[in-house]
Amino acid sequence: MALLCYNRGCGQRFDPEANADDACTYHPGVPVFHDALKGWSCCKRRTTDFSDFLSIVGCTKGRHNSEKPPEPVKPEVKTTEKKELSELKPKFQEHIIQAPKPVEAIKRPSPDEPMTNLELKISASLKQALDKLKLSSGNEEDKKEEDSDEIKIGTSCKNGGCSKTYQGLQSLEEVCVYHSGVPIFHEGMKYWSCCRRKTSDFNTFLAQEGCTRGKHVWTKKDAGKKVVPCRHDWHQTGGEVTISVYAKNSLPELSQVEANSTLLNVHIVFEGEKEFHQNVKLWGVIDVKRSYVTMTATKIEITMRKAEPMQWASLELPTTKKQEKQKDIAD
């Protein structure tokens, strides 16, 4: 019976009776994600593309390992003994002071309001970077056309979650089992957006079998534009909320950010063939006419003017339990 190898970067099935000392090619280190770059601590190679990261060939040879790594130990939460209500009451005389009535908040507009494209401000650094890329791509265009149809032996499939490599013409007839969604890392959990099997262990995440069947994608030309995750964060001042998306060399003519008072839809094309999508149901209300987007060579900043000067508890409006159930049913 074939067993699954849990060595990092392998994920292959093997026969335990034919497990030689050099049968497995794997990474002894750990995955490193820093400033949008992804790689392994044991290797020097870094990439911004998650599929390229998954296809980085291991740097060490050894025996296959069928032992599943233990789940990270969760901290034990200790609770104190319950105290009587009388013990929790303050020992001094209470004086209740009635606070003044708060200023009436702005009524939340309907999310069905028409969407408006936010103004795009393009920095000089981005213009210079795009001009350089156009010159270099023009010089290499002929060479790319010659090499585009050639698939080298050992080329990894570009579909997410597929660890197969090209071994010849027979590989063109194989069925590819892959993940059609994008990888999501949130609050220590790792999963694919298409099947939502969550795990806290990165090795287990890499070994998750795909949920979709189709054909292998051996070249980026066949893959077309690929939806990829981007590192992003947000901050706020008294009157503005700013979202920063760390995508290099974004293309203004193909990118779009649209919004209404409570919704934000982000679509960014960057580095020629990568796409980033994000739909945000905003916690507060914004003034669309006074909001704009600044595009630089290294990131995109979405500046939204608050409709009222108040502190937002978070960027996104929390979903209700009813909405979560409806979303799970839809998935």
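Every residue, even glycine, has its Cβ placed from backbone N, Cα and C.
These numbers come from a predicted model, not from an experiment.
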Query: Which of His216, His232 shares the Zn(2+) 3 site with Cys157, Cys162, Cys176 per Swiss-Prot?
result: His216
Message: Per Swiss-Prot, which of His179, His186 sits in the Zn(2+) 4 site along with Cys194, Cys195, Cys211?
response: His179
- prompt: If you draw a 10 Å sphere on the Cβ of Cys5 (Zn(2+) 1 binding site), how many other Cβ atoms land inside?
  reply: 22
- prompt: What residues, ordered by sequence, lie under 8 A Cβ-to-Cβ from Cys10 (Zn(2+) 1 binding site) and sit at least six positions away in the same chain?
  reply: Cys24, Thr25, Tyr26, Gly58, His64
Message: Considering Cα atoms only, can you say which of Thr47, Cys194, Cys211 is the nearest neighbour of Cys5 (Zn(2+) 1 binding site) among these recorded positions?
response: Cys211
Task: May I have the list of same-chain residues other than Cys5, Cys10, Cys24, His64 whose Cβ is within 8 Å of the Cβ centroid of the recorded Zn(2+) 1 site, in sequence order?
output: Tyr6, Asn7, Gly11, Gln12, Phe14, Ala23, Thr25, Tyr26, Gly62, Arg63, Asn65
Task: Measure from the Cα of His179 (Zn(2+) 4 binding site) to the Cα of every one of the modified residues Ala2, Thr47, Ser51, then give the nearest.
output: Ser51
Query: What other residues of the same chain, not counting His179, Cys194, Cys195, Cys211, have a CB atom within 8 A of the CB centroid of the Zn(2+) 4 site?
result: Gly161, Ser180, Gly181, Trp192, Ser193, Arg196, Arg197, Gly210, Thr212
